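Worksheet: the structure to be examined is printed underneath.
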Amino acid sequence: MTILALDIVTTALILFVVAAGLMVILGVMKLINFAHGAFLTVGGYTAMVVTDAGLSPWLAAPAALAFGFGAGLLIERVIVRPLYDRPLDAILATWGLGIVITQLITLGFGREVQFAASPMTGTLPLGDTEYSAWRLVVSGVALAVGAGLTALLYLTRFGLNARAVIMNEPLARGLGIDSGRVRATTFGLGAGLACAAGALITPLLSVDPNMGLPWLVNSFMLVLVSGVSIPSLMLASLLLGGAQVLVSSFVSPILGGMTIVVLAAALLRINPKGLSLG
Amino acid sequence: MVEPAPVARAARPAAERASGATARTPVRSAWRSALVGSALGLAAVAAGPFLLDTYTTNILIRALFLAALVVGVDILWGYAGVLTFGQSAFFGVGAYACALVFTHYGFGPGWAVGALALGVLGAAGVAALVGWLAFYHGASPLYASIITLALPIVLVQAIFAGGRFTGSSSGLSAFPTYYWSVGTWFTIAGVYLVAVTAAAWLFVRSDFGRLLVAIRENEERCAYLGVPVSGVKIALMAASGAVGAGAGFGYAAFTNVVAPELGGFLLGTELLIWTALGGRGTLIGPVLGTLGIDVTASYLTGALPFLWSLLIGIAFVAVIVLLPQGVAPVVASGARRLLGRGPAAPSPLALAPAPARAETREGVAAPLKVENLSRRYGSLKVLDGVSFEAQAGAILSIVGPNGAGKTTLMRCLSDGGERTGGRVHVNGVEIGRGAPQTVAALGVGRSFQNTNLFDTLTVGECLTLARYKRDGARKFARRLALDLPQPALDILSATGLSDRLGLETRHLSHGMKRGLELAMVLATEPDVLLLDEPTAGLTKAERTAIGGVLVDLARAHGLCTLLIEHDLDFVREISDRVVVLHQGELLMEGTVEEVVASDLVKAVYAGERAETAP
Amino acid sequence: MNVPPVAPALEVEGLVSGYGGAMVLRGVSLRLAPGEIVAVLGKNGMGKSTLLKTVMGFLPAREGRVRLGGEDVTGRAPHLVARAGVAHAPQEFTIFQDLTVAENLRLGVSSDADYRARLGALEGVFPRMLERLRQRAGTLSGGEQKMLLMSRALLARPRVMLVDEISEGLQPTMIDRMAEALRAAREGHGVAILLVEQHLAFALSVADRYAVLKLGEIIEEGAAGDPAAAGALADHLKV
């Protein structure tokens, strides 16, 4: 029972941290980044490169964050910027970008499954039971990311400007806010978060060029259900991720794999605004 | 083909001016090009097995079936604007119908026909269900894409969950099938593709095809003209699903192997890539794109396995960013320049007066009755407790300062889902929560403040579209003659539009767009006419002309007309009664004289009325 | 005149702009000296808001120039025009409803240090804003929202303020407060103010000069102090 509760909570937090980058980009840019899965994969390979180079595995996620941020700025400039007025085309172009990234990784690292060293192995005692140490660490990081994003949005000037752009872009521009720069920074941040999330989940799984794909679809659904709000995304991750764990444990793991997609589609049909808490 | 009526000849010079080249009628040219194209296609299919080696033929059979699937993607995305990730699922349904029946139940001609029917009907049913989920009034285009994205994921998981029955992740193989020669299968696949493409070619060039483009360009406006937009999209989804399932069935019967990937999300995105690269909305582009890319891929994945996918990915991104219409239009315009021919000019259309409607409007004295109407956005009241009646044969003007709620009122009268309280009766029927097309069917016609029409449709096509409610739309042909009610014809001739039926609406002047807008609404033969600033931005002469038509409509044709206007002189000239709105409330209702004389109204317009908020 | 010419705070020359094919402004020219208040009068739909939107760069100028202190800003993006010293108080979608009063005010000032330094200055003009800093702007009354809008523009300490129908829907006492705030801004910081108005009495009480805009052209200009002008103007603006 404790294990099940821990599974639900950690799954929800992992889903949250994986989807956060997608939500940041959707929130400010009104753009669905279908390269999100590929960014996760890049994060996974960054972790592998860092550990293979003999550096501490704890550096993997920060390195992925930095790399993703830089790459995100470049990608925004070249691919995303011309597509702000064409949201459906932006989905396709970022999907194409995902293919390009995946193939570049395949060319560089091969298509076989590989492993990255984990900063922590084994289990931690938790009350009367033992639980995977790294899952607990990732969950803690997810909570920190949620808190950090909230602080960034609500306590900093960049956050205020970003919220102003989200709410009313023309008015924000009329007040001297460079919305283009806010968008570029946001895309960099979203890409960086995605890469960092990829590095974080890598020790739980393995690394292969398509590792991000299943996460992309689930993240996409979670973000659409939650709307742009950090607490809503937490809630959506908990509800849908929890349902996934329950279905996988008690019905069938295969049905568990489509739980999030089906529930999200149904929720959105009933209430197009999803769970949005505002 | 029928010779166009004499009136149509008069419209030709305008069409020629528009295209700058010799005009060809697309009705005829669509049939001609479909026949020529089919003949060429069939010739290629017949010659293929003799010219190609077995390996290439084998690959091409797969590509031909996939190209038939891509035709559905192009119609949905390129023409109707529905970005679908899930077309592969229908291919999968068709393929698995074949494999499951042949593996578990039996094999023979009867079983084959039954399995094909099962696959096609099953796919159409799934597609209709998906359409019902995805297309409802007010649904965002993104939601439709989400549903089509979920579909293949669910299908693949269902196949995984099917265990031995579906073969799970390894699929089914070695079931009995017809071991015909590769050449025979090539012919089957080729003929199927040619037939599907030719039918689609005629379909997209028909009146119905133009309706799809109109939905893509301005879905909202279509609904207000009485077009059942959601129903059209659902039917389209079902039809494309059926065609895709047919292709999937053929592919499974040919290869004797099915795997979950055939119905998967990745194939669904590949279909989009082929469509985008070939040129969405051109049919031939996506078909050739599919054949070219799929065949090249089969050769190159051996030699340069990952590089090929990389190149396709780069090309895809570049095309989406730089060349959203794909490669086909570039090639086509190059070819035209080479051949010195302009694009096909739109069909000349002969206009004639429609017979007067049998039912009279005299039955209901007040065709529009509004009771206690309110509209809130959260705590903000935009309309509050508005009640009035509008009479047949009279013009009722709605005036009030900016933000009084005038346009919101129009919206609440023409879309049942808009108001948050109160009742609206049209011809004695409560509109309930009816979508715009439902309200339009009750007899409400609405014109809009902005003149965003359907940019790539011609004047004639817009008018044909406006007659959908009365005349329907032909699915494989164009109409050459259109009956319009007399007032619509009057407006067309007064604004000079009747000489420009072949011109695309984006080339029209502002005044002509306003005229067309009004003519389209009148073409639906409404009982209640809602006009939102029909004279905004018009010259004095144009205003007078439109004013005359409106007065005539009310007096001679008994139309109940509601008019939003800023120009109070215009209101004074043509109105029978005036309703004054202020901050969402009905401030006063009366004759023109009463309202003009009212001190209250003067005060409101001078902006001196004390603010009522706390 | 031997006085060295001072570059106008705002100079609009032969401005043409509009939406799609319809031209709303058809060659408008205006000059505002530093510290000058000019009222542009006209009925709805005559191009008043379009003029402000074109100056800000929200709409492209098809023809003509816009200069700020002699510097040509035609064709610049709105945020660059704003940074060049223009504060725009639009008529619609004026404030961020879901942000607090304090956040709305902060957004008017480019740095948080300047914001903190200047906030106290509101005490003399709109003290009520200082009492409501933590309140969500959308919950303010209509008049208070206008105060917030004006406070935000004042805090920006701009060279030029573009004020769109600030008097609309306000009580007479509130209109007087707005007039005082505008005069104080001119005297305090020498800001030039372009006032777009339908409310004749308010506009003439604040402005130094007026211009009447009709169908996209300026058809009349004059000094606001001239009492004879008021009667003729009322004719232009009558219902």
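Note: Cβ is positioned from N, Cα and C throughout, glycine not excepted.
Heads up, TrEMBL stuff is auto-annotated, nobody curated it.
What TrEMBL lists as transmembrane segment is A:12-35, A:55-75, A:87-110, A:133-155, A:187-207, A:219-240, A:247-268.
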Worksheet, complete the sentence: The recorded stretch from A:12-35, A:55-75, A:87-110, A:247-268 sharing the largest number of CB pairs under 8 A with the transmembrane segment (A:187-207) is A:55-75
Worksheet, complete the sentence: Ranking A:12-35, A:133-155, A:219-240, A:247-268 by Cβ pairs under 8 Å to the transmembrane segment (A:87-110) puts first A:12-35
Worksheet item: Near the transmembrane segment (A:219-240), which residues from the same chain, at least 6 beyond its ends, have a CB less than 8 A from one of its CBs?
Response: 8-9, 12-13, 15-16, 18-20, 22-23, 26-27, 32, 34, 36, 146, 149-150, 153, 166, 259-261, 263-265, 267-268, 273-278
Worksheet entry | Other parts of the chain folded back onto the transmembrane segment (A:247-268), taken as Cβ under 8 Å at six or more residues beyond its ends | 4, 7, 214, 217-218, 221-222, 224-225, 240-241, 274-275
